[in-house]
Amino acid sequence: MASLGVEAEQEPLLGHSIPGSREWDIIETEEHYKSRWRSIRILYLTMFLSSVGFSIVIMSIWPYLQKIDHTADASFLGWVIASFSLGQMVASPIFGLWSNYRPRKEPLTVSIFISVAANCLYAYVQVPASHNKYYMLVARGLVGFGAASTDEVQVPQGNIDQVAVVATNVLFFVILFIFALFETIVTPLTMDMYAWTREQAVLYDGIILAALGVEAVIIFMGIKLLSKKVGERAILLGGLIVVWVGFFILLPWGHQFPKIQWEDLHNNSIPNTTFGEIIITLWKIPREDHNEGPTGCPVEQAWCLYTPMIHLAQFLTSAVLIGVGYPSCNVMSYTLYSKILGPKPQGMYMGWLTASGSAARILGPVFISQVYAAWGPRWAFSLVCGMVVLTTTLLGVVYRRLIAFSVRHGRIQE
């Protein structure tokens, strides 16, 4: 039985079916096979373009938010980022139900129109005289609403292990939760720790995430070969361990503290200065605010005064490890989930998986922005480490149940 489980883990999800195989119960002509792969490649391109756009926006949200509304803080940033997934989670069942009763072109056209309009609103949120941060919140929510999936929901058949399904949804939730909070906190963290300007943060963090994207591509190619030897469950477990190590390294250590924005407090008052010095100061302030703005850890965040800084080497090492662990866990959770469900239609169960991912992208940014702003990176990343430990424990408990549908049923019948 154990050998059958390893063999099933090593089978590809997509491939040619032959008579007598357990995939043969779903008849597929050559024309349908070509059409299916054409659709899959279109989805690949769509997801690639969508991910590129999302990455560009996610890096610039925090500097953009600070620029358009000075009352916005790091905690509000979490709500702005979470609004995208909230809109997506609300719209997905609506568009899915719509596509069941009407031509799919209708909800698709409407979603594209909403996305275009929402992105236009996002581009011009600085125009209103006040409440700009709330306009950004609405814009990001509408972008998520327009990005909702229009896949038709189908009801799967067969005796599926519900414990394995629920456990995989929880694992997937935590995996996306962790990466959502990491990509949310990257820009505020680097600006606070290294006194980067908004422009520097967007540039440097963009380079770092681009490098992580290249790393993920390499990981995906390596996982295909590695999974044939050790199986998906072992890779998922290893990925969680690597993620834990990455966040543990990210914990603040040492006695060096980040730069505090004291200079900005002193610049607000100009005691005992001559008229000429006042003119020079007033001449410099607008230009400095426009080009750079205040840098360092804001004194309003009390933890900046007693929490050691995270060294750049720490941050880069952590990013590399998270860049290894996250794609490994992400692709393996998808693969395991699909194999657990089996060859029958998976629409409804995949909808649950999408909903858990959307919930993670809602709660992750809100969680990290609130905890980071109030208690700092030490508490924030310690809680993440604890969460990964609990998730790894859950995986250990259900490890033997995360097997393919064919192993649980088809092989036994044979």
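Just so it is clear, glycine is given a Cβ too, placed from its N, Cα and C backbone atoms.
Unlike curated entries, TrEMBL annotations are predicted automatically.
The transmembrane segment feature in TrEMBL is assigned to 42-64, 76-98, 110-127, 163-182, 202-223, 235-254, 315-337, 349-373, 379-399.
Here the transmembrane segment (379-399) does not lie next to the transmembrane segment (315-337) in space: the count of CB pairs under 8 Å, restricted to residues six or more apart, is fewer than 3. Per-stretch counts of Cβ pairs under 8 Å to the transmembrane segment (76-98) identify 42-64 as the leading one among 42-64, 163-182, 235-254, 315-337.
Long-range contacts of the transmembrane segment (202-223) within the same chain: residues 55-56, 59-60, 63, 183, 186-187, 190, 196, 235, 316, 319-320, 322-324, 326-328, 331-332, each at least 6 residues beyond the stretch ends and with a Cβ under 8 Å from a Cβ of the stretch. Taking every listed stretch (42-64, 110-127, 163-182, 235-254) in turn, the largest tally of C-beta pairs under 8 A with the transmembrane segment (315-337) is reached by 235-254. The transmembrane segment (163-182) and the transmembrane segment (42-64) are not in contact, since fewer than 3 Cβ pairs between them lie under 8 Å (pairs 6 or more apart in sequence).
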